[in-house]
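Undergrad: Not my notes, these are from Swiss-Prot:
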type: DOMAIN; residues: 6-206; note: domain 'tr-type G'
type: REGION; residues: 15-22; note: region 'G1'
type: BINDING; residues: 15-22, 80-84, 135-138; note: GTP binding site
type: BINDING; residues: THR22; note: Mg(2+) binding site
type: REGION; residues: 59-63; note: region 'G2'
type: REGION; residues: 80-83; note: region 'G3'
type: REGION; residues: 135-138; note: region 'G4'
Amino acid sequence: MVEERKPHINVGTIGHVDHGKTTLTAALTTVLAKRLSGEGNKSVKYDEIDKAPEEKARGITISTAHVEYETENRHYAHVDCPGHADYIKNMITGAAQMDAAILVVSATDGAMPQTREHILLAKQVGVKDIVVWMNKCDVVDDEEMLSLVEMEIRELLSKYGYPGDDIDVVRGSAVKALEEETGSGVWSEKIMELMNALEKISLPVREKDKPFLMSIEDVFSIPGRGTVVTGRIERGVIRVGDKIEIVGLREIQSTVCTGVEMFHKALDAGEAGDNAGILLRGIKKEDVERGQVLSAPGQIHSYKRFKAEVYILKKEEGGRHTPFFSNYQPQFYVRTTDVTGNIKLPEGVEMVMPGDNINIEVSLDKPVAIDQGLRFAIREGGRTVGSGIITEILE
């Protein structure tokens with residue numbers, strides 16, 4: 001039996017630079033630590049988050065701070081990235097696999113370019129739910145101004161396909177909440193209001209009943225214990241003693257899971273949605289690499305060719321300024337790996353303009369573990385130029 005745990009949800013703060021994402025992250029942990037007991041609730045200071053450890057996601061260095069907190073009903077893992085470029089990379093690479101996002105908007109500025117960009121990205125990478133934290137409300141006396149900013153955000157969310165009229169918008173001040181001694185002041189109540197909005201979000205359907213699959217983010221060698229791979233379990237359950245395969249980039253290898261760890265605790269099992277470390281029997285560190293997947297035996301194969309529906313970003317969205325033609329060769333970011341591939345355009349299509357939606361055929365340089373419905377990003381020269389979804393596997 002997997003031990004009974006509180007339902008787990010992955011959230012992240014998104015929004016424009018300097019609107020207060022990191023301050024809010026600090027305020028959430030601090031107010032909850034004062035208000036609620038729970039081993040997950042420890043207050044984390046702003047500069048601990050701001051000097052976030054660097055992670056490698058798809059070969060790109062990203063600073064991400066992971067904090068955890070819990071309410072009576074749920075356990076939250078929360079990711080905050082101090083840098084703007086880090087957010088973009090993080091959302092596309094899935095390093096911040098968010099079930100829900102807290103969109104932070106400063107009441108003094110309203111929606112800004114990155115606000116739009118982050119909402120668009122959240123939609124493209126499949127973040128289902130958003131709640132809004134209107135920050136810095138302590139410095140705006142004008143009620144009408146606050147209402148205008150709120151209306152603007154709701155319209156923006158609707159424009160990108162979120163239910164803008166129904167989304168919770170909480171007006172608060174993260175700085176003021178941090179200053180309050182007890183955790184029960186007027187601004188701390190606003191933090192609790194935000195938590196209540198998060199509590200209302202329907203729990204993501206974790207694909208626990210499907211065969212186990214986890215994309216490998218990192219590989220470590222632990223003296224005396226062997227090789228550990230880390231990543232987020234995409235679907236299924238892994239128990240100590242289960243047979244598993246390592247698929248993609250190389251020949252398939254078979255091994256056995258000899259340990260599961262999460263937040264430095266040993267567990268009997270890990271399940272969909274968990275960020276876990278898996279100990280592998282008889283596998284050396286050099287036998288396995290980031291970008292491969294761990295899978296229940298026989299469930300996934302690696303392929304080089306597929307068809308996909310892609311959206312090519314406009315220049316204003318940070319995409320290409322010029323069209324591309326058949327045989328264009330960008331990088332494809334699939335799960336935790338990036339591989340060069342060749343794009344073949346459909347019959348009769350000469351070129352693709354920024355802003356186009358198109359069906360393409362892709363031939364990758366190396367075989368990667370993929371399946372239908374999988375999302376990926378297309379990048380070139382350090383920037384994202386498109387995103388897509390696999391519609392058909394060819395070989």
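Including glycine, each Cβ sits where the backbone N, Cα and C put it.
Locate each feature and note its surroundings.
TA: The Cβ of THR22 (Mg(2+) binding site) has 22 other Cβ atoms within 10 Å, all protein chains considered.
Taken residue by residue with DSSP, THR22 (Mg(2+) binding site) is part of a helix.
Sorting the region 'G4' (135-138) by DSSP state (H, G, I as helix; E, B as strand; all else coil) yields 2 helix, 1 strand, 1 coil.
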Undergrad: List, in sequence order, the same-chain residues at least six positions removed whose CB sits under 8 Å from that of LYS21 (GTP binding site)?
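TA: THR13, ILE14, GLY15, ASP80, VAL104 - these are the non-local Cβ neighbours of LYS21 (GTP binding site), listed in sequence order.
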Undergrad: I'd like the Cβ neighbour count for ASP18 (GTP binding site), meaning other Cβ atoms within 10 Å of its Cβ, all protein chains included.
TA: 13
Undergrad: Could you round the CA separation between THR22 (Mg(2+) binding site) and CYS137 (GTP binding site) to a whole angstrom and send it over?
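TA: Their Cα atoms are separated by 16 Å.
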